Amino acid sequence: MTDSASGASAVANIATPSNEPYDATRKQKSLDKTARIPIKIVPAEKLKKPEWIRVKAATGNSRFYEIKDILRANNLVTVCEEASCPNIGECFGKGTATFMIMGDKCTRRCPFCDVGHGRPDPLDANEPENLAKTIAQLRLNYVVITSVDRDDLRDGGAQHYVDCISRTRELSPATRIEVLVPDFRGRLEKALDILQACPPDVMNHNMETVPRLYKQARPGADYAHSLKLLKDFKARNPNLPTKSGLMVGLGETDEEILEVMRDMREHDIDMLTIGQYLAPSGHHLPVLRYVHPDTFKMFEEKAYEMGFTHAAVGAMVRSSYHADQQAHEAGFA
C-alpha cells in the first residue's frame, strides 16, 4: 500500500447543487455545502473498504433509543448524529454521547465533515440548563461537549461553553467534562480569558490533518493557530490535560503524520487520537487510502516514544470515542 492514493483516477459523476434559491439560514448538507468551498473536491475512484473497517451496531438491549428520546425531549443535539459518526450505535448503546452545543449550523464548510453549514440561529439561553439536566438524568461520569464553529459571535461561543460547564458541575459535581472546541480564530485571547473562569477537565481541539492539506480540508482554519490555541491553554492551566486528533486517508503521508505529532508535543499536547477518515458521502473529500492496522500500531508506538500520556490510535477511533477510557488510562479521570 502506498502512503497516498492521490493519483487515483478521477472517475465519478459530477452532481450539481439543488436548484433552490440560496438561503443562508437553511442548513446545507452534502453537495449544497461542499459546492461553495474555494478549493473544489477532485473526485477519485472509490476504494474498496478493507475487512478491518467494522462498525459495531446497537444491540437490541442497548440504550440507543432511550438516549435518542432523552436528547429530543431536551432539545439537544449530538455530534454523533450530526456528523454521521460510525460509532453512534456502540456509544449510544452504552449510554454515552458527545453533546454539540450552539446549534446544528456551522459557519465553516470543511469538506470532510457532515455537520451542516448555514447562518446559525441565536444561542439558546436554556441550553446550559437543558444540557446539565440531561447529563444528570443520564448519570454520566464523563461527558464531552463540542460545538459548531460560531464565527458570528464575538467570543466564538466561549461564554456559552463556560455556562454549560458551570451548570453541569452544579448539578453533577462528580462528572468530568472534556470540551472539543473550535479554533476561536480572530478571538483566541478573548476566548481563553473567558474559559479561565471555568475551565474544563480536558481541553481538546483537533488538528484534523497535516498542514499541506489545510486549504483543501480545513478552509478558514490555520495550522499554526490551532497549535497555539492548545499551547496557550496549557500555559494558563499547566495541570489540565490537552488533547488533539488527526484523520488519515486524505492524501497525507506517514511521515507528515509523524511530523504533526512532533509539533503537537512541542506545543505541550498530552493526549492524541488518530483514526481512519471515512467519507460521509460522495460529495465530501474522497478516501485516498485505508491505513493498515500495522501502520496504526506504528503511530501508537511513536506517540508514546514522543511522550504523549495517552494515544488512542486505530481505524475506528474518533476524537471523543471512549473519551472517558482515554482520560482514565492517561491518569486524568
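Quick reminder: no glycine exception, Cβ is built from N, Cα and C everywhere.
Given the structure is predicted, the values throughout are model-derived calculations rather than measurements.
Listed ranges 1-29, 204-232; the one Swiss-Prot annotates as region 'Disordered' is 1-29. In this structure the alpha carbons, written CA, of Cys106 ([4Fe-4S] cluster 2 binding site) and Cys91 ([4Fe-4S] cluster 1 binding site) are 23 Å apart. DSSP assigns Ser320 ([4Fe-4S] cluster 1 binding site) to coil in the three-state reduction, outside any helix or strand.
Between the alpha carbons (Cα) of Ser320 ([4Fe-4S] cluster 1 binding site) and Cys110 ([4Fe-4S] cluster 2 binding site) lies a span of roughly 19 Å.
One way to see the shell of the [4Fe-4S] cluster 2 site is to take the Cβ centroid of Cys106, Cys110, Cys113; the remaining same-chain residues with a Cβ within 8 Å of it are Arg108, Arg109, Pro111, Phe112, Asp114, Val115, His117, Val148, Asp149.
All protein chains shown were included, and the count of other CB atoms within 10 Å of the CB of Cys106 ([4Fe-4S] cluster 2 binding site) stands at 25.
Over the domain 'Radical SAM core' (91-309), the average per-residue pLDDT in this prediction is 94. Mapped onto three states, the DSSP output places Cys85 ([4Fe-4S] cluster 1 binding site) in coil.
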